């Protein structure tokens, strides 16, 4: 999942989307 899709990808997981080196991370 790219940075632009990260917020949508993490949505509903009570997570804070962050992006490191182009990699999406959903930090719960």
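The backbone N, Cα and C atoms fix where each Cβ goes, glycine too.
Quick look at what Swiss-Prot lists:
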type	residues	note
DISULFID	3-19	disulfide bond
DISULFID	6-24	disulfide bond
DISULFID	10-26	disulfide bond
MOD_RES	28	valine amide
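Here the features listed in Swiss-Prot are placed on the structure.
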{"residue": "3", "record": "disulfide bond", "Cβ within 10 Å": "14"}
{"residue": "6", "record": "disulfide bond", "Cβ within 10 Å": "19"}
{"residue": "10", "record": "disulfide bond", "Cβ within 10 Å": "19"}
{"residue": "19", "record": "disulfide bond", "Cβ within 10 Å": "14"}
{"residue": "24", "record": "disulfide bond", "Cβ within 10 Å": "18"}
{"residue": "26", "record": "disulfide bond", "Cβ within 10 Å": "16"}
{"residue": "28", "record": "valine amide", "Cβ within 10 Å": "7"}
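The subset of recorded positions (6, 26, 28) lying with their Cα within 10 Å of the Cα of residue 19 (disulfide bond) consists of 6, 26, given in sequence order. Each residue contributes its Cα atom, and for residue 24 (disulfide bond) and residue 3 (disulfide bond) those atoms are 6 Å apart. In the three-state DSSP scheme, residue 10 (disulfide bond) is classed as helix.
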